[in-house]
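Participant: Swiss-Prot feature annotations, pasted as is:
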type	residues	note
SIGNAL	1-19	signal peptide
DISULFID	111-122	disulfide bond
DOMAIN	199-563	domain 'Peptidase S53'
CARBOHYD	210	N-linked glycosylation site
CARBOHYD	222	N-linked glycosylation site
ACT_SITE	272	active site, charge relay system
ACT_SITE	276	active site, charge relay system
CARBOHYD	286	N-linked glycosylation site
CARBOHYD	313	N-linked glycosylation site
DISULFID	365-526	disulfide bond
CARBOHYD	443	N-linked glycosylation site
ACT_SITE	475	active site, charge relay system
BINDING	517, 518, 539, 541, 543	Ca(2+) binding site
DISULFID	522-537	disulfide bond
């Protein structure tokens with residue numbers, strides 16, 4: 001029997017009906033609000049699918065993250081290289097051989113992997129993909145404010161049982177591109193403006209968080225920072241230049257990004273893309289900045305998953321990454337969540353600081369078997385990222401103390417147990433808060449978030465050459481906090497110290513030193529008689545609305561400069 005007939009025999013064995021399993025039985029497959037089907041995809045249309053191959057030594061990877069991130073460890077700051085991580089997690093030869101043979105037999109082509117070899121992306125026709133992934137049925141969909149197009153299957157898929165030890169999930173089937181949660185308020189009318197401000201700008205941020213004109217990058221190090229875009233929108237260099245002309249006059253800054261990873265289209269700029277770039281580069285002023293851009297992606301690809309693949313394929317990356325993406329934990333399969341968590345763990349082992357927005361739905365709300373519960377967000381709930389909540393000025397027109405922004409996401413994971421680094425802080429909150437919701441609404445033993453916060457209300461943004469006021473959301477607070485951490489990395493690098501890396505173990509050991517404690521306000525939740533729209537409330541120390549608080553830059557710099 002020739003090699004081709006052998007492959008066909010292998011493929012026939014793999015697709016035999018009863019010997020199959022579902023890798024993601026709990027994946028939500030409902031069409032998101034605002035999306036509509038345009039009909040079945042043509043059988044000969046090409047799809048790009050990503051196969052997540054089973055990794056090795058994940059427990060050892062977790063131990064190494066703890067060792068390199070804990071200031072009390074002799075390995076603190078001795079981060080792994082991408083090649084070190086690849087040696088650790090690379091799938092077994094049996095896994096690589098089995099999956100490659102299966103895909104080759106199915107007619108997959110133009111397959112490419114990443115340095116860590118734990119993802120394999122291949123092109124197949126719709127006909128081949130539906131045969132390969134039993135049960136899948138691909139349709140064209142359109143939705144979201146930008147009329148984004150996607151090819152997805154809302155049907156469960158199954159894989160040959162022989163692949164169960166080798167494949168975690170297949171990307172490009174169920175998960176739809178995210179949409180923006182940014183809000184824009186009408187501009188308030190204020191009689192007289194002496195001593196007042198009419199919205200958050202870089203100068204307001206620098207005043208509130210005690211930055212001086214000297215708190216900028218030196219331009220002499222290899223320090224860099226990045227933001228990632230997963231929405232179907234763009235930023236424009238001309239908007240960034242205009243933003244800095246209007247608002248960057250009192251500090252040294254860069255007026256263009258150093259590198260765009262991905263494709264920048266020529267369409268209209270998006271407010272969220274503009275916001276991320278403008279405030280990362282004004283908070284982390286004069287520091288080289290990358291933008292990971294998803295526009296131009298194929299309709300069958302998942303933008304967030306593609307970003308994770310990029311991290312697994314670049315040896316030299318920016319030290320700080322800010323990300324404004326999130327999904328409800330319950331909308332994602334447990335297999336997908338656990339695998340993405342491992343990808344975030346890989347980044348932490350390499351000394352990358354990943355900051356994720358906590359979300360803009362407060363504690364969230366959903367109904368389970370007729371009972372309301374809070375609804376945590378992922379990756380905000382991952383124990384391997386630093387999650388950023390949101391605040392408002394007590395007086396929205398003055399640089400005052402901060403209070404909770406009621407939309408600030410926060411709560412307790414239903415997937416991840418509470419990590420040891422936050423045990424003391426969370427236990428103290430749960431035992432001392434006078435305003436806890438009923439225990440049936442949240443998992444008190446889960447990973448609690450956010451970890452920190454910053455202003456998230458009333459920002460000025462320049463988009464499509466137009467200054468736009470009163471833009472709000474944790475998509476604003478996240479790049480601000482990230483930029484300040486980049487400034488601290490600058491000082492550490494100049495002193496010969498390693499970059500901050502995964503911040504949480506150190507952050508919780510310091511008990512909020514270097515941060516303004518936000519003690520007033522509660523965020524929103526379920527609109528029912530039991531909780532009446534109130535989720536968790538802030539209080540002294542850590543809380544699940546604003547974390548440890550907002551940055552006091554000189555004090556935070558001092559706190560984080562110790563080796």
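Each Cβ is built from the backbone N, Cα and C atoms, and glycine gets one as well.
Note that the coordinates shown come from a computational prediction; the quantities given were computed from them, not determined experimentally.
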Participant: What other residues of the same chain, not counting 517, 518, 539, 541, 543, have a CB atom within 8 A of the CB centroid of the Ca(2+) site?
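Facilitator: My list of surrounding residues reads 512, 519, 538, 540, 542, 546, 548, 549.
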Participant: Mean pLDDT, the domain 'Peptidase S53' (199-563)?
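Facilitator: Mean pLDDT for the domain 'Peptidase S53' (199-563): 94.
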Participant: Just going by other Cβ atoms within 10 Å, which of the recorded positions 272, 276, 543 has the emptiest spot?
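Facilitator: Among the recorded positions 272, 276, 543, the sparsest Cβ neighbourhood within 10 Å belongs to 272.
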Participant: Name the residue among the recorded positions 111, 122, 365, 518, 537 whose Cβ has the smallest number of other Cβ atoms within 10 Å.
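Facilitator: If we count Cβ atoms within 10 Å for the recorded positions 111, 122, 365, 518, 537, the smallest count is at 111.
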Participant: Give me the long-range Cβ neighbours of residue 522 (disulfide bond): same chain, 6+ apart, Cβ under 8 Å, in sequence order.
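Facilitator: Set apart from residue 522 (disulfide bond) by at least 6 residues yet with Cβ under 8 Å, we have 404, 406, 435, 534, 535, 536, 537, 538, 545.
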Participant: Rounded to the nearest angstrom, how far is the Cα of residue 286 (N-linked glycosylation site) from the Cα of residue 517 (Ca(2+) binding site)?
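Facilitator: Given the Cα positions, residue 517 (Ca(2+) binding site) is 28 Å from residue 286 (N-linked glycosylation site).
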Participant: Taking every protein chain in this structure into account, which of the recorded positions 210, 222, 313, 443, 475 has the most other Cβ atoms within 10 Å of its Cβ?
Facilitator: 475
Participant: Rounded to the nearest angstrom, how far is the Cα of residue 443 (N-linked glycosylation site) from the Cα of residue 539 (Ca(2+) binding site)?
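Facilitator: Given the Cα positions, residue 539 (Ca(2+) binding site) is 19 Å from residue 443 (N-linked glycosylation site).
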